[in-house]
Amino acid sequence: MNTTDRFPTADRWAWLLIALVIAALFLQAPHGGAFYWSDAPRHALNGVFVWDLLTSMPLSDPAGYAYRYYAQYPALTILFYPPLFYFLSAPFFGLLGVSHEVALLVVFLHYLALGWGTYRLARFWLAPFAAACVALLLVCLPELAFWGRQVMLEVPAFAFLVWSAVAFVAYLRGAPVSRLYLAGALLVLAMYTKISVAFVALAYVVALWQRDGLGVLRNRHHWAVALIAAVALVPLMVLTVKFGQANVQSVTGVADSVASRTSLAGWLWYLRQIPSQMGWALTAAALLGALAWVWRGRGAAGQGRDGGFWLTWFVAGYVFYSLIDLKEARHSVYLLLPLVLAAVVGLSALLPPRWLKPVLGLLVLATAVQTFVWRPVFYVDGYAKVVDEITRLAPRDSVVLFSGYRDGSFVFNLRAREDRRDLSVLRADKILLSVAVRRELGVEQKDLSVEQMADIIDASGVHYVVMQPGFWTDLEVMRRFESLMASPRFEVVARIPTPANHRAHETELVILRNKGNVGPKPDKLNIELKIINRRITVQ
């Protein structure tokens with residue numbers, strides 16, 4: 001069989017079109033260190049850390065190396081999230097250098113895999129044109145494209161998840177049992193990227209039960225896949241229990257939940273997000289497709305078993321995310337795939353052939369326009385310029401004190417400067433406050449006078465301060481800190497704007513020079529890691 005037979009012309013054109021659309025999406029992605037979401041620079045930094053770890057090879061004390069790295073770049077969160085994305089991105093940083101753009105390239109490659117995987121999945125039930133529309137609709141979804149063009153984990157996890165589904169559906173349709181093992185392996189990899197995709201395992205179990213009945217329990221391969229997956233997930237579970245208390249807390253209860261899981265509002269919350277996640281046109285088409293499925297007594301994918309699979313996917317995921325107290329629309333993007341399939345399959349069943357392509361084309365166009373025009377990715381710029389100025393001014397082996405909302409953005413941009421690996425960052429919130437993950441979950445103020453703050457700053461080797469004016473000044477200790485910055489002990493040397501395409505927390509960053517008696521960088525640091533309830537001492 002030649003390549004043309006395996007990849008028909010229609011499929012090749014579809015793959016190319018999907019790639020071009022995704023590339024166009026990424027042309028709009030903020031770059032140059034202009035991060036928006038606080039997790040994004042941390043995910044990027046975690047990948048850089050893995051590369052630095054592999055090249056340094058601190059075999060005698062890897063934990064100590066990680067603690068020292070955090071002491072220098074206090075935005076590291078390597079153990080708080082599943083680690084696969086960081087290990088995949090590490091060689092890219094090694095080959096291409098450390099930059100925001102390289103981190104986005106890794107996400108872009110996952111986005112391509114997601115688009116192509118969705119097309120391959122849709123081809124089980126649809127002709128090439130309709131399957132391409134499914135893939136284009138998914139990659140252009142406003143919610144998915146918003147988060148997928150940042151250094152976030154939603155799209156990388158989704159890519160593994162979709163290809164897992166491709167292998168699983170192939171097995172359901174009679175492919176060799178090796179596809180079942182592949183589906184299990186890819187689902188495990190998806191969980192090692194973002195653990196919340198685990199709900200899909202239930203959809204797999206239900207689909208196998210629908211096909212085999214009690215025979216599902218007599219198939220040794222089913223038990224083997226389950227056992228291998230369970231063993232493979234043990235390290236992830238250990239990491240989650242030991243270091244992921246914040247993620248566990250998001251399930252058990254958070255003080256700032258937008259809607260409690262014990263309320264009706266909590267159970268309707270994700271349903272209400274769907275129109276903004278997909279756009280009203282596609283939402284209406286998905287509803288129409290679901291109604292067509294019920295009316296015709298057919299599965300969403302054209303057959304009962306397949307329809308049950310996608311229904312279980314959606315329902316299991318919806319219940320899973322609704323049970324989590326911390327609710328954000330990005331968490332449920334994995335539930336949108338069954339809805340997109342329902343829309344296209346339903347329209348394919350209802351519309352005459354001469355109308356199908358124009359309607360699907362208009363639906364793709366409407367969704368793409370909404371994303372490209374009305375749902376740009378947010379950014380806050382200026383942090384790279386601040387780092388450029390700091391690296392020009394700061395003495396070698398000195399410490400920079402940062403006080404502001406986007407500490408991760410500042411830290412990553414500083415790490416990207418290979419010529420100033422001697423500089424370290426000290427976060428003001430670490431010496432003035434005790435914050436439980438984020439402020440909304442609790443903050444304790446340290447009773448420090450202005451003079452005590454000045455002494456700590458001098459003793460920490462801080463020659464320059466980067467400050468966001470007005471940051472958390474509703475807290476008394478932060479007001480004292482800002483008054484210290486306004487005192488004669490500190491001199492403003494630059495004010496750098498931070499332009500943004502949304503209403504950001506900051507409008508500028510101020511660089512100040514410490515005119516006090518600054519000591520050398522201390523040999524020993526005591527650092528509180530509130531997120532894991534641990535205090536560490538770093539030499």
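Each residue, glycine too, has its Cβ placed from N, Cα and C.
Just so you know, TrEMBL annotations never went through curation; they're auto-generated.
Predicted, not measured: the structure shown is a model, and the values here were computed from it.
According to TrEMBL, the domain 'Glycosyltransferase RgtA/B/C/D-like' annotation covers 82-237.
What TrEMBL records for 12-29 (among others) is transmembrane segment.
Taken from TrEMBL, the feature transmembrane segment applies to 84-112 (among others). Outside the transmembrane segment (84-112), and at least 6 residues removed from its termini, the chain residues within Cβ reach (under 8 Å) are 18-19, 22-23, 25-26, 29, 31-35, 43-44, 46-51, 54-55, 78, 139, 148-153, 155-156, 158-159, 189, 192-193, 412-413, 415-416, 418.
TrEMBL lists 124-147 (among others) with the feature transmembrane segment.
Here TrEMBL flags 153-172 (among others) as transmembrane segment.
What TrEMBL records for 184-209 (among others) is transmembrane segment.
What TrEMBL lists as transmembrane segment is 221-241 (among others). Same-chain residues lying 6+ beyond the ends of the transmembrane segment (221-241) with a Cβ under 8 Å from its Cβ atoms: 79, 82-83, 177, 180-181, 183-185, 187-188, 191-192, 195, 201, 208, 247-248.
Per TrEMBL, transmembrane segment is recorded for 278-295 (among others). Same-chain residues lying 6 or more positions outside the transmembrane segment (278-295) and placing a CB less than 8 Å from one of its CB atoms are 137, 141-143, 307, 336, 339-347, 349-350, 363, 366-367, 370.
The transmembrane segment annotation in TrEMBL covers 307-326 (among others).
Annotated transmembrane segment per TrEMBL: 333-353 (among others), in sequence order.
Annotation comment: TrEMBL describes 359-378 (among others) as transmembrane segment. Taking Cβ pairs closer than 8 Å, the transmembrane segment (359-378) reaches residues 21, 24-25, 28-30, 36-37, 129-130, 133, 136-137, 140-142, 145-146, 149-150, 278-279, 281-282, 285, 343-344, 347, 351, 500-502, 504 in its own chain, all 6 or more past its ends.
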Segment-segment contact (the transmembrane segment (124-147); the transmembrane segment (333-353)) at 3 or more Cβ pairs under 8 Å: yes
For the transmembrane segment (307-326): best-contacting stretch of 12-29, 153-172, 184-209, 333-353, by Cβ pairs under 8 Å: 184-209
Chain residues outside the transmembrane segment (12-29) and at least six past its termini with a C-beta under 8 angstroms from it: 104, 108, 111-112, 115-116, 119, 128-129, 131-132, 135-136, 139-140, 145, 148-150, 368, 371-372, 376-377
Rounded mean pLDDT for the residues that make up the domain 'Glycosyltransferase RgtA/B/C/D-like' (82-237): 98
